[in-house]
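J.: Sharing a structure with you now.
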Amino acid sequence: MPSPADLKNIGLKATVPRLKILEIFQTSEQRHLSAEDVYRILLNEHMDIGLATVYRVLTQFEQAGLLSRNNFESGKAIFELNEGKHHDHLVCLDCGRVEEFFDADIEQRQQSIARERGFALQEHALSLYGNCTKDDCPHRPRR
């Protein structure tokens with residue numbers, strides 16, 4: 001996981017907002033966070049860090065390779081720690097919850113399809129969208 005020293009190594013000062021936002025991504029039970037999610041966590045912890053600062057820090061972390069940005073169907077950017085391991089996403093259309101998964105068969109099939117069509121696959125992103133089917137889903141909005 002990135003540390004304050006890592007911030008300095010990539011040319012970013014280890015400021016309180018940067019350290020706190022980095023800590024949120026390292027310790028949050030939820031791996032996929034929007035700027036608004038981060039801001040809400042900061043407010044709940046009584047941190048005086050504005051939403052504009054959150055956006056700026058998230059962009060800096062993305063540019064530095066600490067975070068990855070995903071733009072799912074909701075249209076808002078969702079960030080996660082860039083730990084270098086490829087994975088795909090399942091996205092709930094009801095609440096926006098994101099789950100990661102890795103499936104070697106899917107990865108192989110994508111490579112095979114690319115080769116069959118004359119492509120050497122360099123990178124890809126797969127996001128599957130659906131509705132949770134669990135009756136007791138804790139993430140489903142109450143109706």
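Note: Cβ is positioned from N, Cα and C throughout, glycine not excepted.
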J.: Looking at the Fe cation binding annotation from Swiss-Prot, with HIS86, ASP88, GLU107 already listed, which candidate in HIS46, HIS124 is the matching residue?
T.: HIS124
J.: What kind of secondary structure is ASP88 (Fe cation binding site) part of, going by DSSP in three states?
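T.: Reduced to three states, the DSSP call for ASP88 (Fe cation binding site) is strand.
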J.: Check each residue in the chain of GLU80 (Zn(2+) binding site) that is at least six apart in sequence and keep those whose C-beta is under 8 Å from its C-beta; list them in sequence order.
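T.: Those within reach of GLU80 (Zn(2+) binding site), by Cβ under 8 Å and sequence separation of 6 or more, are PHE25, ARG31, HIS32, LEU33, LEU67, SER68, ASN70.
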J.: Looking only at GLU100, GLU107, the binding-site residues on record, which one has the least crowded Cβ, with the fewest other Cβ atoms within 10 Å?
T.: GLU100
J.: What does DSSP assign HIS124 (Fe cation binding site), in three states?
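T.: For HIS124 (Fe cation binding site) - judged by DSSP and reduced to three states - the answer is coil.
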